Amino acid sequence: MLKKNDKLTVTISALTYAGLGFVKINEFPVFIYNSLPGEEVEIQILKVLKKYAFARVVKFLSYSPDRNQEIDYHSIQSGLAPLSHLKYQAQLSFKENQIKETLHKFGIDNPVESIIPSPKETHYRNKSQVPVRLVKGQLSVGFFRAHSHHLVPTEDFLLQESVIDQNIIKVRDILRKLEISSYDEDTQRGVVRNIMLRFGKFTGELMLILVVNQKDVPRLKKLKHELQSSCPEITSFILNYNFKNTNVILGPTNKVIYGSPYLTDKILTNTFKISPLSFYQVNPLQTENLYRIAAEYGNLKSTDTVMDAYSGIGTVGISLADRVKQVIGVESVQQAVEDALNNAQLNHYDNVKYVCGKAEEVIDQWISEGLKVNKIFVDPPRKGLAKNFIEQSVKMQPEIIVYVSCNPATLGRDLAIYKELGYAIKKIQPVDLFPQTTHVESVTMLEKNRTF
Ligand SMILES: C[S@@+](CC[C@H](N)C(=O)[O-])C[C@H]1O[C@@H](n2cnc3c(N)ncnc32)[C@H](O)[C@@H]1O
């Protein structure tokens, strides 16, 4: 029986989908941080639970040829970039295999296309949401160590655009100088919870959203002045109020201190305005590839009526609008729907409509109103599609369904239902939107069986 602090020598047998090394010791599963298949390592047991244990490597006796020796992001691996110890090529195979294996569990053995690598392997993110906490008596920024709220201070976040990293540090230093306090989760006091920055890759705009725990921010005028004089790259500054003791980063209301309430950016040929509470893809160069593939899988025609479900600020639907007759979209976040409607106008499309609501509920209403769509695009969050949405979407009998997924497990579950209900899987294309992390994105094309 394993005990905490036991030391053993093992050879890692697999890499889990969460990026941890795995071995069985006397049939008992052990998950080991920062280790890769084939590596012989001395480990120390950190925690023993009923059905498995966690361990760390104390000494490497051999290294995997897939190990990225160039960057020693030991602490980052457990938090921000859990795959950064794996060479990029091996990360791509890991993700491709994950899709194949997961779909196989749902009885789906269709061929999977080779994953499309990200144009940038690091510093690709256009958004950061870094926590602000007191560490050793000083307001600090960093990341929470995995499965904890223990802040590890850092100045290099590895995944974010460099302009974001530089401005996080500048904002941190201004907060320190003005003695504006950081949030304390235990007492629920202190002012600044998070520094969020969003960067428009194609416009150069940079939006600062300071998430605060109280309405009155001390020395706000001075803060505004300091930001305007020391951070010229920041084009707008917004306060977001979050007074709840919660893991959800953003609160429901914002106040613009200066600049525009929207960030403006471009995807392919269209311009988009994005408000602070709206979802926006984080890897802008690769997003263009993702949308190109989705459009190609839609086999678009000028007579098509397209549904854009889980539409965010309308980026998918608007990217298709010039090639189809009509786009109708649904999204649950009110602000995102307003953005989508503004974005349709901004790009001069009068054939695009968005409504606010849950896709699985709005689809009932659309069916009862007799709406006919012949192509459906879905891009749900990690939990995938609601069963009712799947069943109702099949009732609409679209020729093609394009499923953009960020979670192979829910993708497999949903594809299995579509298969049962008469849809054939034609193509599955993984796209690496999130290098150095374990996240796996893909686009699947489903086509209605002719005998249906
Ligand atoms: C992965 S994002 C995709 C957004 C957009 N297609 C894009 O590429 O930017 C998923 C979106 O679904 C929305 N959402 C979550 N649950 C929903 C539901 N039940 N019905 C409609 N939209 C939902 C989220 O607010 C989010 O904007």
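Heads up, the Cβ atoms here are built off N, Cα and C, so glycines get one too.
TrEMBL lists Q281, Y310, D379 as binding S-adenosyl-L-methionine, and of E331, E360, E399 the one it places in that same site is E331. For the recorded S-adenosyl-L-methionine site, residues Q281, Y310, E331, D379 set the reference point as the centre of their Cβ atoms, and the other residues of that chain within 8 Å of it by Cβ are F279, D308, S311, G312, T315, V316, P380, V404.
Measuring Cα to Cα from C406 (active site, nucleophile), the binding-site residues that fall within 10 Å are D379, out of Y310, E331, D379. The S-adenosyl-L-methionine site in the record is lined by Q281, Y310, E331, D379, and its two most distant CA atoms lie 15 Å apart.
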